[in-house]
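Asker: Pasting in a structure now, in C-alpha cells, and then I'll have a few things to ask.
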Amino acid sequence: MTTAVFENEVVTAAKVRFLTLPGLSGEFALITIDNGHDHTRPSTFGPGGLASLDAALDEIAARSPAPVAIGVTGKPFVFAVGADLSGVPAIIDAAMAREIAETGHRVFRRLKDAPVPTFAFVNGVALGGGLELALHCRYRTIASTATVAFPEVFLGLVPGWGGTQLLPNLIGIDPAVTVVVENALAQNRMTPAPKAAKLGIADAVLEPADFLERSLEWAVGVLDGSVTVPRPDVDPAAWDESIERARAIVAGRTRNASPGAVRAVELLDLARNGVDGEAFTAGTAAEDDALTDLLMSDPLRASLYSFDLVNKRAKRPAGAPDRSLARTVTKVGVVGAGLMASQLAMLFVRQLTVPVVLTDVDQARVDKGVAYVHGELDELALRGRLNRDELNRLKGLVTGSLSKGAFADADLVIEAVFEEMSVKQQVFAEVEAVVSETCVLATNTSALSVTEMASKLEHPERVVGMHFFNPVAVLPLLEVVRAERTDDATLATAFSVGRSLKKSCVLVADAPAFVVNRLLTRFLGEVTASVEQGTPVAVADRALDPLGLPMTPFELLTLVGPPVALHVAERMHEAFPDRFSVGVGLRKMVELGKSSVYSEPGVVDPELAGIDAGDSPLTEEQVRERAVEALAQEIRLMLDEGVVQAVQDIDLCMLLGAGWPFWLGGISAHLDRAGVSEQVTGERFLPKGVASLPA
Amino acid sequence: MSSRERQPRPLREVVFVDGVRTPFGKAGPKGLYAETRADDLVVRCIRELLRRNPALPADRIDEVAIAATTQIGDQGLTIGRTAALLAGLPKSVPGYAIDRMCAGAMTAVTTTASGIAFGAYDVAIAGGVEHMGRHPMGEGVDPNPRILSEKLVDPSALVMGSTAENLHDRFPHLTKERADAFALASQQKYAKAVANGQIGPELVTVATRSAEHGWGVATLDEPPRPQTTLEGLASLKTPFRPHGHVTAGNAAGLNDGATGCLLAAEDVALELGLGVGMRLVGYGFAGVEPEVMGVGPIPSTEKALARTGLSIEDVGLFELNEAFAVQVLAFLDHFGIADDDERVNPWGGAIAVGHPLASSGVRLMTQLSRQFAERPDVRYGLTAMCIGLGMGGTVIWENPTWEGFAT
C-alpha cells in the first residue's frame with residue numbers, strides 16, 4: 001500500500017495546552033490549529049497536518065487526570081481552510097486517495113466520539129475540511145467577522161470529511177443543500193457568521209475583540225449547565241423535496257457535467273439516515289468512495305488546474321512588462337458616452353477614484369452618460385456600499401465635456417466609440433492633439449486591429465488595447481492587447497490600471513478578435529452552420545449540454561447580442577475566410593432586429609422560420625464533435641500564431657471571460673481528455689498530469 | 001451678542017464604580033504576555049468593565065484616559081482613543097493617553113475625576129498599561145544633556161533601584177533586614193488573599209498566544225513567589241550597588257499588565273443604577289529630589305490630608321505601591337506606622353503581585369474598593385505611590401458602606 005505523503009506540505013500543527021479556567025474543575029484541553037504562517041497562508045490539512053491532530057488527540061487521551069472538555073481553535077484570523085489541495089497531484093492511485101479520505105474521517109471522528117464535550121471556537125474563516133472539523137465538535141462558537149463555506153462542489157469535490165453527513169443532520173437538509181450545493185455553485189458564496197449562527201452552524205456569535213476569552217467562558221457555562229444550547233430537531237420529511245431542489249440546482253448550473261456536484265447530492269440524500277453510530281460509519285464510507293473516485297478523476301484534476309490559473313496565473317500575467325515601468329494614472333478620459341463608455345467610466349471612477357471625463361459629440365449624449373454614472377453611484381449608496389462622503393467624492397470626479405480639450409491633463413484616455421476603423425483613427429488623432437506625450441491611448445475594440453488604429457498617430461507606441469467584457473462591472477477578464485508598436489511603459493500602465501480595476505489581465509497579441517471572442521465566434525459559427533445545413537435549432541442548441549457550459553449557444557448569442565456577434569463574425573471572415581463564415585441566419589436576425597432565435601422559450605421565432613431548412617441535419621453528437629474539433633483547431637492555430645504566451649492563457653480567458661467551467665480546465669483539459677486535440681492537431685495541449693490524472 | 005446666563009458651575013461627588021485588571025505577568029520572552037500586545041490588554045479591561053456593569057450605556061462614557069509610560073508602538077497611537085475603538089466603544093466616545101510614569105493610571109483617575117467634579121464629564125474610564133517586556137524601562141528616552149551638565153539631577157535619579165539604595169543611605173535605620181521582612185510579609189499576605197478568594201474576582205482572563213505552544217489563557221498572576229523565605233531573600237544579589245540593600249526580592253519586578261476602572265458622578269451612578277465602590281475624597285501630588293523619589297508619597301499624602309481636612313489617624317486602610325520595600329518603610333516611618341501594621345496592604349502588594357508601571361495606580365484603588373466592601377468599620381482609605389523623577393501621588397477615598405452612614 002502506498003502511504004500518502006505530500007512533499008513540501010506546509011504542515012498544520014495541532015498544539016495542545018491544558019488550561020485551568022475560572023469556574024471549571026478539571027482541565028480544559030485547548031488545541032490550536034496553526035501552520036506557522038501568518039493569515040495570508042491559512043492553515044490546511046494534508047497527511048502531516050492530520051497526523052499532528054491525531055497526535056494531539058493522543059496527548060489529550062493520555063492526560064491524567066483526564067481533561068473535562070476539549071476545544072479547537074485557529075491561529076489569529078483563521079480557523080482552517082480545509083484539505084491541502086496543493087498535494088493532490090501527489091495522489092497517484094486510488095489507494096492513496098482513499099487513505100487521505102479515510103484518515104481525515106478517522107482523525108476528525110475522534111472529536112465526535114470523544115468521551116468529553118468538544119467545542120470548536122471558530123475564530124476566523126472556516127472552509128471545507130476546516131468547517132468539517134468544527135462540525136465534528138459538539139458545540140461551536142463563531143467570531144462575528146468569520147465566514148464559513150463548503151467550496152468543494154465549486155471545485156468538483158464533495159465535503160467528504162463528514163460534511164455531507166453532519167451538516168444536514170445539524171441544520172436540516174434544506175439549508176444544507178444551500179450551503180453545500182447552491183452557494184458553492186454560485187461562485188463559491190460564503191456564509192458570514194451571523195447567518196451561519198442563524199442556520200444553526202454555530203451556537204453562539206461572539207465579537208472578535210475577546211473571542212477566545214468569551215468562548216471559554218461560554219464553554220464553561222455549557223459545562224456547568226448555566227448555558228443551554230437549543231438544537232431543533234431535523235425534519236426527515238424535508239429530505240425528498242430538498243434533494244429534488246439540489247438536483248435542479250446542479251442540473252441548472254452544471255447540466256450534470258460536474259461529477260462532484262452530482263455525488264454531493266447523492267451523499268446529502270444518504271444523510272437522511274442520520275449520523276449516529278453505524279449510520280455515520282456508512283455515510284463516511286460513502287464519502288470515502290466519492291472522494292476516491294473524484295480525486296482519481298480527470299474533471300477534478302482539471303478543476304484544480306483551473307483554480308490554480310485563476311488564483312495564481314491571473315495575478316501574475318505571463319509576459320507582462322515589469323511593474324515599475326507603469327505610469328501613474330491620475331485622470332482618465334473616456335471617448336464616447338454610450339452604454340459601454342458609461343460602464344467604463346463607472347468602473348474607472350469607482351476603482352481608481354481619479355477624475356474621469358466623458359466626451360461625446362452632443363451635449364445630450366454627454367449628459368446622459370454622466371447621469372448614468374451618477375445613477376449607478378446613487379444605487380450603490382442606496383445599497384449601503386458607499387457612504388455619503390464617498391458618494392459625493394465619486395460623483396464630483398465624473399464630468400462630461402463636448403471638447404476633447406478636457407483630456408489635456410489625462411494620463412489615460414480610452415475610446416469606446418462606434419466599431420469602425422476610420423472613426424476610431426479620427427478619435428485618436430483628435431485626442432493626441434490635446435494630450436501630453438506620455439498619455440496612454442487605449443481602445444476597447446472587440447475585433448478591430450489595434451495596430452492599424454495606432455498607425456496614423458505621431459506616437460503609436462502609446463496605444464494599447466484594453467478589451468473588457470460585458471457587463472464590465474461583473475466579468476473579471478481584461479484582455480490587454482499589445483499592438484505592433486506598443487511600448488513597455490504603455491503596456492505596463494495598462495496592466496497596472498487593469499490590476500487597480502480588480503480585473504485579471506491576460507496579455508494577448510493584436511490578432512483578430514483576440515482570444516475569447518475569436519473562440520466563441522468560431523464555436524458559435526459551427527453551431528449556426530449546423531443549423532443552416534438542416535439541424536433543428538433545438539438539437540443544435542442542446543448539443544453542448546454534456547460539457548456543462550454556463551449557457552447554450554443560442555443563449556450566448558442573445559447575451560452577446562446579434563449585431564455584435566455579426567460584427568465580429570464579419571471581421572473574422574475577412575481575416576480567416578476558410579474557417580469563419582457569416583451565417584445567413586445571423587444576418588437575418590440582425591436585419592429583423594431579433595435578439596433571440598426564440599420568440600418564447602423553446603419556440604423558434606416564426607419570422608426566422610427556415611433558418612434550419614438545409615437538407616443534411618446533424619445529430620447532437622455530430623454538432624458537438626464539430627464544435628469542439630473547431631475549438632481544438634483554432635486554439636492550435638492561435639498558439640502557433642503567438643496570440644498568447646501559452647495555452648494556459650487561453651484557458652484563463654475562457655474561464656474568466658466566457659465563464660466556462662472549471663471541470664473543462666477552461667477548455668484545453670477537456671479537449672485533451674476527450675482525445676480531440678490529438679485527433680485534430682496531432683498532439684495534446686498539456687502534458688498528462690498538468691490538468692489531468694498523471695500518466 | 002448673547003447675554004444668556006451660562007449654566008451654574010456644579011461640583012459633584014465622584015465615585016469609583018468598579019475596577020478590573022488583567023493578571024500580571026513577568027516581563028520577558030518567557031513571560032505570560034510575551035506574544036500579547038499591550039493595547040489588547042487594555043481592550044480586555046475596557047470590555048470587561050462594560051460587561052460587568054450592564055446598566056451603563058456605552059455612549060454615556062465621556063472619556064477614556066489610559067496611561068502608559070512608554071508611549072511607543074502598541075502603547076502609542078493615543079492609546080486611550082485606540083483602545084476605545086478596539087474595544088468597540090461608540091466612536092462618539094473620546095479618549096487620550098496620559099503619562100506620569102508609575103502614577104499614570106492614578107493620574108488618569110484624578111484627571112478624569114476632576115473633570116467629573118467640574119461638570120465636564122458624567123462617566124469616564126481610567127486605566128493604565130505597561131508591557132515592560134515589549135517596552136523596557138527607558139526605551140527610546142533622550143534625556144536633555146543639560147540634566148548632567150548643569151547637575152540638575154543626580155545621575156542616579158534615572159535608575160530607580162539606585163534611588164532606593166539612596167533611601168537606605170538617607171534612613172540608615174531602615175535596614176535591609178526590615179526591607180526583607182516587609183517583602184516576605186507582602187508575599188504571604190498576597191498568597192492568603194488569593195486563597196481566601198479576595199484577590200481573583202477583579203481579574204479578567206486574557207487569551208495569550210504562543211506561536212510555539214498555541215493559545216493559552218491567563219487567569220492568575222505570574223510574578224508571586226509564595227515559597228519566599230527570609231533566608232532566600234538574604235541571599236539575593238544587590239544589582240544596583242555592591243553589598244547594597246535592594247534586591248529582586250524586596251522590590252517589585254519587571255511586569256506586564258493593564259488595569260481599568262469606571263468613574264462616575266455620584267448622581268449619575270445613582271441615576272443609572274451603577275454600583276458605588278468608593279467615593280473620592282481628595283488627592284495630592286508632590287515633587288521631591290529625584291534621586292530619592294521613593295519618599296514622594298510622604299509630601300503628597302500630607303498635601304492630600306491637608307486639603308481634605310483629614311489626618312493620618314482617620315485613615316483605616318492603606319494601599320501603598322511597593323515599588324521598593326524601603327520606600328514603603330520610609331512612608332510608614334514618617335507617619336509613625338509600624339512595619340507590620342494591619343491597615344497597610346492587607347492583601348500584599350507589588351513586591352508579590354508585580355508592578356507594570358503605569359497600570360498600578362488603578363490596581364491599588366480596585367483592591368481598596370474591595371476591602372471597603374468587607375470592612376464597614378473603615379471610613380477612609382488611602383492609595384499612594386512613588387513616582388520616577390521624584391514625585392509622589394496620594395488619593396484618599398471614602399467607604400460608601402461605612403457603618404457610620406447607617407446611623
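Even glycines carry a Cβ here, placed using N, Cα and C.
Unlike curated entries, TrEMBL annotations are predicted automatically.
Below are the features I grabbed from TrEMBL:
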{"type": "ACT_SITE", "residues": "B:CYS102", "note": "active site, acyl-thioester intermediate"}
{"type": "ACT_SITE", "residues": "B:HIS355", "note": "active site, proton acceptor"}
{"type": "ACT_SITE", "residues": "B:CYS386", "note": "active site, proton acceptor"}
{"type": "DOMAIN", "residues": "B:14-267", "note": "domain 'Thiolase N-terminal'"}
{"type": "DOMAIN", "residues": "B:279-398", "note": "domain 'Thiolase C-terminal'"}
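Surface or core, plus neighbours and distances: that's what I need for these features.
Answerer: B:CYS102 (active site, acyl-thioester intermediate) falls within a strand segment according to DSSP. Within the same chain, residues at least six positions away from B:CYS102 (active site, acyl-thioester intermediate) with a Cβ under 8 Å of its Cβ are B:THR69, B:ASN321, B:ALA323, B:HIS355, B:LEU357, B:ALA358, B:SER360, B:GLY361, B:MET385, B:CYS386, B:ILE387, B:GLY388.
Packing around B:HIS355 (active site, proton acceptor) is summarised by its Cβ count: 27 other Cβ atoms lie within 10 angstroms of its Cβ, all protein chains included.
Using a 10 Å Cβ-Cβ cutoff, B:CYS386 (active site, proton acceptor) registers 33 neighbours.
The DSSP breakdown of the domain 'Thiolase C-terminal' (B:279-398), given as helix, strand and coil counts, is 54 helix, 33 strand, 33 coil.
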